[in-house]
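Note sheet for the following structure.
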Protein chains: 2
Amino acid sequence: MTEALRVGIAGLGTVGASVVRVLAEKAAELQRQCGRPISVTAVSARNRDADRGVDLSGAQWFNDPVALAKSAEIDVFVELMGGDEGPARDAIKAALDAGRHVVTANKALLAKHGVNLAETAEKKGVLLNYEAAVAGGIPVIKTMREALAGNSVSRVFGILNGTCNYILTRMEAEGLSFEDCLADAQRLGYAEADPTFDIEGNDTAHKLSILTSLAFGSKIAADDIYLEGISNISQADIRAAASLGYRIKLLGVAVRTDSGIEQRVHPTMVPTQSVIAQVHGVTNAVAIQSDILGDLLLVGPGAGGNATASAVIGDIADIAKSQPGFQHGPVFGRPAKELKPYKKAKMRSHAGGYFIRLTVHDRTGVFAAIAKRMADADISLESIVQQADSGLDADVKTVVLVTHETTEAAVRRAVEGITKDGHLTDKAQVIRIERAE
Amino acid sequence: MTEALRVGIAGLGTVGASVVRVLAEKAAELQRQCGRPISVTAVSARNRDADRGVDLSGAQWFNDPVALAKSAEIDVFVELMGGDEGPARDAIKAALDAGRHVVTANKALLAKHGVNLAETAEKKGVLLNYEAAVAGGIPVIKTMREALAGNSVSRVFGILNGTCNYILTRMEAEGLSFEDCLADAQRLGYAEADPTFDIEGNDTAHKLSILTSLAFGSKIAADDIYLEGISNISQADIRAAASLGYRIKLLGVAVRTDSGIEQRVHPTMVPTQSVIAQVHGVTNAVAIQSDILGDLLLVGPGAGGNATASAVIGDIADIAKSQPGFQHGPVFGRPAKELKPYKKAKMRSHAGGYFIRLTVHDRTGVFAAIAKRMADADISLESIVQQADSGLDADVKTVVLVTHETTEAAVRRAVEGITKDGHLTDKAQVIRIERAE
């Protein structure tokens, strides 16, 4: 096993360039760890002439990533182009069909085509590794796919988008508005020019859909995820949360329930004293609850060229340690052909605590009307606080309710009733509470 | 690869019984994940007649674990007896010599003989897996050995002993004395009848020595660890720490410095707002800093039959997924023969911040004398606080100093001087501060 592992890389942006650089700088160490050299023998990118600060002279250049993927001169095809269709998909498919191992960081592609690609990989007896696709450098795929063997996962949840966590962290720490924090995130390169995909939760949903499949042995169902972004989180929510012992995080949550699997992405109240509440800025975190192990939490860098490169290189090293033709377990933990159809639990039956913030006219009877609507919906309250808010008119008050465990359906019914009563001056704000250690 | 993986287990205490039970209960799921069945074909324990609540009727009984280890009827020998010499060592050695894979949870044994056993395993081309030996169910071995390939680790530290963390958590939360918390821990089964090994830091040191080898590619040097336990931590320390924004944890810390590797186990001040400060009770946590990935933190159950069994089963599953004769990378990340001699950094050159609590006679000039000793040792202070302590006599005061980064040698010199000055009514308390996110 002293022959070099030949790596072809398609996509030489920040991550791709980091991978090339680290593989060169750490060549001796990686050889010691893997038992054989790893060498980049072929690359492909859009612009051949860009200066990427890395030496590509030893690698064959391909204009066409699909041609690179099929090349007999590589053992592993590393896809770092992005995009859930087109060249990325074509190239990965071509590589697997040609019997090459594949490493990818492409969550959107896996969320859409992961199961099909896994079937091909398993049929061909090659590896499809994707540690970098979820939570960047955090080894959550390895943990769920390998370390938790035999465990039945009941819930997996996490902070999976650094942009959102950066914005929420700064909003809380500095009292800034969502818009100001977003603008700063864009200036610092933590958010895209069009940030919709991050702040509306789509990126989190892609990552969650992969974790859900690993957790429950179900087919990936990224389109069946309940989605709420963070753009309507206000300082009023953050302050009220803090006063009640909560912090707001955008979580992706997948839970096994009696009626199916809940997948949801939404702003979430977590107890201020919980470990995950201390995860600040662009850092990511994934919590996994399982029957044998118990509660596990992994915290680390969720993005960035180097952190992502670290996960890609870990995936490549695992392949380098494998003997040719060796299969290190199924791509999504269970054979792709045996993944169960995704059975969706209705969001209306979601059970949990709720934070409800109401802005109301300061009239006699409002409080009583709200309490009646909650009682009619069979919702029992942990607390109900009427707050004066300096940002509001004198005749407007804030009422914050925290419920005991109830259902989404009951909360929607109650809020609908309260809205109909005509006391609200603004749309009711409803934020789910998640248990966390 | 449809033949069953035949597992022999020596040691049927809490962990061993859990492993047998989970392998039976999750047989179908494990087969799906691993591509072949896993079956317990042989067992050994001291008492054949004990009721362990598990069905052992399908397994061959061995009175002698070494005979079990050598049996041609097993593919994997699982050592769960404990002890750093005697039967555990003999049996593991016999298993490796006979070409069997080995899974063990035995930190003490690995700390003492790990490198030799790894050499044998690597020569024989079999696996020696030991995820359960460090931080129980937390997949830190897999993370360091596989996921961090190519990373240069600069520091690894963690809460590695649940007993100590349980005691410190309750001392802080309930204002109880060390002795009372220890007694409770013993009553609840979190501490041994003779707790010395846990509370004096030896258990943490064993685990740390394994992480150090994985981090730095050095030989295991468990006897070369600076060791301080938690038995002299008082409520005065915990209260003073809290007032300064710190929490006290027993940490094992390994750092690469210019003069060698620092390995130390001692009560440590970590910032109250850091993630690791929120790790309470018997939970463990390991933080790893590396050059490519950055900061990673893993939090989870560090002990208990099921959590430990989860790690053991993960190790067995990895072997089940391997083809016969396949070698999944070296035991300690680098080939055992190439592990570098351990180069110890002197504790006196340790650099960092210090918390120093002095109990002094309330006399004119004491404050000045202390300040002069610190200045003479070239120690610059972040804060110096004189506290009245209700638990002390009226003519006795507490002075708490927090230093900027300085060295162990300087602090020892200053404290020696202060002690000589004759103002102290009690031994000076010195607690190191560790940076943590």
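Here the Cβ of each residue, glycine as well, is placed from N, Cα and C on the backbone.
From a predicted model like this one, the values you see are computed outputs, not experimental measurements.
The active site, proton donor annotation in TrEMBL covers B:Lys207. Under the heading NADP(+) binding site, TrEMBL lists B:Ala10, B:Gly11, B:Leu12, B:Gly13, B:Thr14, B:Val15, B:Gly16, B:Ala17. Residues or ranges marked as NADPH binding site in TrEMBL: B:Lys107. Look at TrEMBL and you will find B:Glu192 tagged as L-homoserine binding site. Residues annotated as domain 'ACT' in TrEMBL: B:355-437.
Overlay of TrEMBL feature records on the structure.
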| residue | record | DSSP (3 states) |
| --- | --- | --- |
| B:Ala10 | NADP(+) binding site | strand |
| B:Val15 | NADP(+) binding site | helix |
| B:Glu192 | L-homoserine binding site | coil |
| B:Lys207 | active site, proton donor | helix |
Remaining residues near the recorded NADP(+) site, that is with C-beta within 8 Å of the centroid of the site residues B:Ala10, B:Gly11, B:Leu12, B:Gly13, B:Thr14, B:Val15, B:Gly16, B:Ala17: B:Ile9, B:Ser18, B:Val19, B:Ala45, B:Arg52, B:Leu80, B:Met81
Surrounding CB atoms that lie within 10 Å of the CB of B:Gly13 (NADP(+) binding site), all protein chains: 15
Overall pLDDT for the domain 'ACT' (B:355-437), taken as the rounded mean: 92
Secondary structure tally of the domain 'ACT' (B:355-437) (DSSP, helix then strand then coil): 24 helix, 30 strand, 29 coil
Neighbourhood of B:Gly11 (NADP(+) binding site) by C-beta distance under 8 A, where only residues 6 or more apart in the same chain count: B:Ser44, B:Ala45, B:Pro65, B:Glu79, B:Leu80, B:Met81, B:Gly82
Nearest of the recorded positions (B:Lys107, B:Glu192, B:Lys207) to B:Thr14 (NADP(+) binding site) - Cα to Cα: B:Glu192
Residues satisfying Cβ distance under 8 Å from B:Glu192 (L-homoserine binding site), sequence separation of at least 6: B:Gln186, B:Asp198
C-alpha spacing of B:Lys107 (NADPH binding site) relative to B:Ala10 (NADP(+) binding site), in angstrom: 16
Proximal but sequence-remote residues of the same chain as B:Ala17 (NADP(+) binding site) (Cβ under 8 Å, at least 6 apart): B:Arg52, B:Gly53, B:Val54, B:Gly305
The residue listed as 'NADPH binding site' and B:Leu12 (NADP(+) binding site), Cα-Cα, nearest whole angstrom: 17
Cβ packing number for B:Thr14 (NADP(+) binding site), 10 Å threshold: 17
In the chain carrying B:Gly16 (NADP(+) binding site), residues 6 or more apart in sequence that have Cβ under 8 angstroms from it: B:Ile9, B:Ala10, B:Val43, B:Ala45, B:Arg52, B:Val78, B:Leu80
Top Cα neighbour of the residue listed as 'NADPH binding site' in the set of recorded positions B:Gly13, B:Val15, B:Lys207: B:Lys207
Mapped DSSP class for B:Lys107 (NADPH binding site), helix or strand or coil: helix
Least Cβ-crowded entry, counting other Cβ within 10 Å, from the binding-site residues listed as B:Ala10, B:Leu12: B:Leu12
